[in-house]
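**Student:** What follows is a single structure, and I will ask about it in a moment.
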Amino acid sequence: MRTLWIMAVLLVGVEGNLWQFGKMMNYVMGQSVVYKYFYYGCYCGWGGIGQPRDATDRCCFVHDCCYGKVTGCDPKTDSYTYSKENGDVVCGGDDPCKKQICECDRVAATCFRDNKDTYDMKYWLYGAKNCQEESEPC
């Protein structure tokens with residue numbers, strides 16, 4: 001029960017339509033991995049400052065930048081449609097804005113999969129106090 005409560009607290013602080021993005025990540029990576037990317041490095045989780053610490057953290061930086069370019073809908077709350085095809089995701093639906101959110105999430109999930117070998121536990125729960133450098137532009 002305590003683990004469930006901790007996960008609920010962590011889920012509240014993550015940007016995006018968390019449930020969809022989390023399910024997409026788990027599907028693309030082939031296992032339950034969402035918890036590993038909460039508060040990883042300087043960009044995975046809520047917000048982001050400093051320099052990405054590795055390729056995994058850069059996936060989150062690019063995801064944050066992608067969300068920043070979305071206009072006309074809210075990437076933090078709006079739902080979108082997608083289908084699963086052979087370990088990959090195909091974004092669908094008629095709403096171009098929601099499709100853009102889906103593409104941001106799809107690219108990030110694929111980036112995590114492609115860079116899973118760079119994941120380093122020393123960056124999990126890393127903390128913003130370790131990310132004080134100037135942020136690079138998107």
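Any Cβ shown, glycine's included, is placed from N, Cα and C.
Relevant sequence annotations retrieved from Swiss-Prot are reproduced here:
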ACT_SITE  His63  active site
ACT_SITE  Asp105  active site
BINDING   Tyr43, Gly45, Gly47, Asp64  Ca(2+) binding site
DISULFID  Cys42-Cys131  disulfide bond
DISULFID  Cys44-Cys60  disulfide bond
DISULFID  Cys59-Cys111  disulfide bond
DISULFID  Cys65-Cys138  disulfide bond
DISULFID  Cys66-Cys104  disulfide bond
DISULFID  Cys73-Cys97  disulfide bond
DISULFID  Cys91-Cys102  disulfide bond
SIGNAL    1-16  signal peptide
**Student:** In whole Å, how far does the CA atom of Cys102 (disulfide bond) lie from that of His63 (active site)?
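**Tutor:** Distance between the two Cα atoms comes out at 11 Å.
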**Student:** How many Å lie between the Cα of Cys104 (disulfide bond) and the Cα of Gly45 (Ca(2+) binding site)?
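**Tutor:** The separation of the Cα atoms works out to 15 Å.
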**Student:** May I ask which of the disulfide-bonded residues Cys97, Cys111, Cys138 is closest to Cys60 (disulfide bond) if we compare their C-alpha atoms?
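**Tutor:** So, of the listed disulfide-bonded residues, the one sitting closest to Cys60 (disulfide bond) is Cys111.
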**Student:** Work out how many Å separate Cys59 (disulfide bond) and Cys91 (disulfide bond) at their Cα atoms, rounded off.
**Tutor:** 19
**Student:** To the nearest Å, how far is the Cα of Cys66 (disulfide bond) from the Cα of Cys42 (disulfide bond)?
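**Tutor:** Just about 16 Å between their Cα atoms.
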**Student:** Sorry to bug you, but what's the C-alpha spacing from Asp105 (active site) to Cys44 (disulfide bond), rounded to the closest Å?
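**Tutor:** Spelling it out, the Cα of Cys44 (disulfide bond) and the Cα of Asp105 (active site) are 13 Å apart.
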**Student:** What does DSSP assign Cys73 (disulfide bond), in three states?
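**Tutor:** Looking at the DSSP assignment, Cys73 (disulfide bond) belongs to neither helix nor strand, so coil.
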**Student:** By the count of other Cβ atoms within 10 Å, pick out the sparsest of the binding-site residues Gly45, Gly47.
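**Tutor:** Relative to the other binding-site residues in Gly45, Gly47, Gly47 has the fewest Cβ atoms within 10 Å.
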**Student:** Cα within 10 Å of Cys138 (disulfide bond) is the criterion; apply it to the recorded positions Tyr43, Gly45, Gly47, Asp105 and give the hits in sequence order.
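**Tutor:** Qualifying among Tyr43, Gly45, Gly47, Asp105: none.
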**Student:** Please classify the secondary structure at Cys44 (disulfide bond) using three-state DSSP.
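**Tutor:** In three-state terms, Cys44 (disulfide bond) counts as strand.
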**Student:** Around Cys131 (disulfide bond), how many other CB atoms lie within 10 A of its CB?
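**Tutor:** Result for Cys131 (disulfide bond): 19 neighbouring Cβ atoms inside 10 Å.
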